[in-house]
Protein chains: 2
Amino acid sequence: MNIQNPERPEPAPVVAIVGATGAVGIELIRCLEARDFPISELRLLASARSAGRRLPFKGREVIVQELTELSFDGVDYAFFSAGASISLKFAPFAVAEGAQVIDNSSAFRMDEDVPLVVPEANAETLADAPIVANPNCIAAILTCALAPLHQRWSITRLSMSTYQAASGGGAEMMEELREGTRAHLANEDFEPQILPHPYAFNVFSHNSDLDPDTGHNGEELKVIAETRRILGQPKLPISVTCIRVPILRAHGIALNIRFEDHVCQDRIRDALSDAPGVRLVDDRALNHFPMPSDASGQEDILVGRIRNDLGDPSGRTTSLFIVGDQLLKGAALNAVQIAETLYERVAVK
Amino acid sequence: MNIQNPERPEPAPVVAIVGATGAVGIELIRCLEARDFPISELRLLASARSAGRRLPFKGREVIVQELTELSFDGVDYAFFSAGASISLKFAPFAVAEGAQVIDNSSAFRMDEDVPLVVPEANAETLADAPIVANPNCIAAILTCALAPLHQRWSITRLSMSTYQAASGGGAEMMEELREGTRAHLANEDFEPQILPHPYAFNVFSHNSDLDPDTGHNGEELKVIAETRRILGQPKLPISVTCIRVPILRAHGIALNIRFEDHVCQDRIRDALSDAPGVRLVDDRALNHFPMPSDASGQEDILVGRIRNDLGDPSGRTTSLFIVGDQLLKGAALNAVQIAETLYERVAVK
């Protein structure tokens, strides 16, 4: 989206990024530049350890400052991407200064006063709230594809397994995957520092804590709760298994969708080919379907393997495979899209 | 299993392996040695290109011979693992010589006169047939875990996504994964030779051909047909998405099982902890579940993440994650177990 308000009288917004040196922070800077979000000042904030680093933005270098309670003076939009505890501690200071907070952590996602937004799915829930929550990466990628289907045919059940990349664990986990793989190929010992398991040529159940009663991990519970909230279906039955695979920055989702009634696979394909933020990659003759190697660095999520599910004799279930860049639609891009939507509304007022 | 028939009068069997130099062939030789299958002569057969290679067996070296129509003279057990076309062409010559054929290809799996056997699941179907079929790797690993559950509680639906290793495509695909990954880490160009897609740090829909009407690939259709046959449920609804992930030799399966009635997760866990060929890896406190890094080189399949599925409000669905060595339970080990079962029956007669 290009925001063009040449007549707009007030100066362009001041934008802050908390966690600017992290994997998502870097992508936030790139997205703001690539999408030409209007900015009069970009304030990059991080821990004392990262203060003083210089990061490129629009041909200049911006010096990273240490995050403090006084960092938000004059800020219009503050992106938070430094974990839930930092958001809980510092977002109130940004709000007190009148900033609009867009929070990429899980801190406020289930707060009823905080909209949880994927613009393609539920932009209408973006109220005048001081904080807007950016969803979990799987929930964002998933609902971007599901919303146009749910609006047409009403989804009654979801069942999915994920193929999640290292970037969900930040730049350190991506580096651990690279270094562990290099060591594995060289037959060298490698002691993982970030993960409890070896990552090279391995897959494992998502590394979030497990609920001892239900046996579901934190990632799965987030996906269920946030997907229900974004789709506005608080009791939608959702089955999900979250698995980490050795890829760098794009998440895959193998998905079964049950609709209220039978929907033919061709109508699903047509609906998705028109959907914003979605690119159809569904070539049966060439065996070409969504892959992380095609999705990485792309704003659109890729959807394919669309077929009526042989496992549901009622004919109401469709299978899909979705891949989206975890750092873009799963994090930074969605956050910038939220800011764009908010900015446009101010412009319209 | 150790076969101990010290009183057995006749000489030990003559065993042939067709495709001895392939990834599965090498594991067949290792399994026969590790499990001490009684052998008076091991005849290793392969294409002319591989003839003359020497492979180790029980401290000796066995010279690989070229496969011809005359290769089966005196053979008691002939393992075939060189693809369906070789099995279709040469298995009849082995049968004509009185050999018992155990075929690892897809050539005879849906032939009603040919038993399709996973000993833990349906050893009772091993009739006096000249050819026995060894199932598709996913079907073998899956039914080994499912049989003890189906026998107790009757399965009415299966839904799964796979995490399949390179070894399913043979030694060449494993090498392509290693070499492609090495090149990726070194920022070098790499042109895949075996696969249509880059494999390093990538996942993709299984590389078997797609049925243009249903949109299912050959691997998925095999898993559905063979699982139904092994479980003796010709119409069992099965939903499956087969995905290749960048791991070397163990397949993962994220699985939902729907039973006729509600079954509590603790009873499932108890049933699997007693099941032959299955090892429970299900530690919620340590976040330790089945992984390829633990399953590779292991005879047992690993089962964990056992939990009642939040996506089925009826409470009849359980989720699991299974990992098994593709070259062992998914191929060579299961074939040797079939031979052991057949040999024991002869011994009992």
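Placed from the backbone N, Cα and C atoms, the Cβ positions cover glycine too.
Small disclaimer: the values here were computed from a predicted structure and weren't measured.
The active site, acyl-thioester intermediate annotation in TrEMBL covers A:CYS137. Under the heading active site, proton acceptor, TrEMBL lists A:HIS251. What TrEMBL records for A:THR21, A:GLY22, A:ALA23, A:VAL24, A:ARG49, A:SER50, A:SER167, A:GLY168, A:GLN326 is NADP(+) binding site. TrEMBL lists A:ARG109 with the feature phosphate binding site. TrEMBL lists A:GLN164, A:ARG244 with the feature substrate binding site. Annotation source TrEMBL lists domain 'Semialdehyde dehydrogenase NAD-binding' at A:14-129.
Sequence features, as recorded in TrEMBL, placed on the structure.
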| residue | record | DSSP class |
| --- | --- | --- |
| A:THR21 | NADP(+) binding site | coil |
| A:ARG49 | NADP(+) binding site | coil |
| A:ARG109 | phosphate binding site | coil |
| A:CYS137 | active site, acyl-thioester intermediate | helix |
| A:GLN164 | substrate binding site | strand |
| A:ARG244 | substrate binding site | strand |
| A:HIS251 | active site, proton acceptor | strand |
| A:GLN326 | NADP(+) binding site | coil |
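Restricting the binding-site residues A:THR21, A:ALA23, A:ARG244, A:GLN326 to those with a CA within 10 Å of the CA of the residue listed as 'active site, acyl-thioester intermediate' leaves A:GLN326, listed by sequence position.
Predicted-model confidence for the domain 'Semialdehyde dehydrogenase NAD-binding' (A:14-129) is 97, expressed as mean pLDDT. Of the recorded residues, the residue listed as 'phosphate binding site' and A:THR21 (NADP(+) binding site) place their C-alpha atoms 23 Å from one another. In sequence order, the binding-site residues near A:HIS251 (active site, proton acceptor) (Cα within 10 Å of its Cα) are A:SER167, A:ARG244, A:GLN326, drawn from A:ALA23, A:ARG49, A:SER167, A:ARG244, A:GLN326. Considering only the recorded positions A:ALA23, A:CYS137, the Cβ with the fewest other Cβ atoms within 10 Å is that of A:ALA23.
When DSSP labels each residue, the domain 'Semialdehyde dehydrogenase NAD-binding' (A:14-129) comes out as 32 helix, 30 strand, 54 coil, counted as helix, strand and coil in that order. Distance noted between the C-alpha atoms of A:ARG244 (substrate binding site) and A:ALA23 (NADP(+) binding site) is 17 Å. Cβ neighbour density within 10 Å is lowest for A:THR21 among the binding-site residues A:THR21, A:GLN164, A:SER167. It is 8 Å from the Cα atom of A:GLN164 (substrate binding site) to that of A:GLN326 (NADP(+) binding site). Taking every protein chain shown into account, A:ARG49, A:ARG109, A:HIS251 are the recorded positions, and of these the Cβ with the most other Cβ atoms within 10 Å belongs to A:HIS251. Taking all protein chains in view, 30 other C-beta atoms sit within 10 angstroms of the C-beta of A:GLN326 (NADP(+) binding site). Neighbour density for A:ARG244 (substrate binding site): within 10 A of its CB lie 27 other CB atoms from the protein chains shown.
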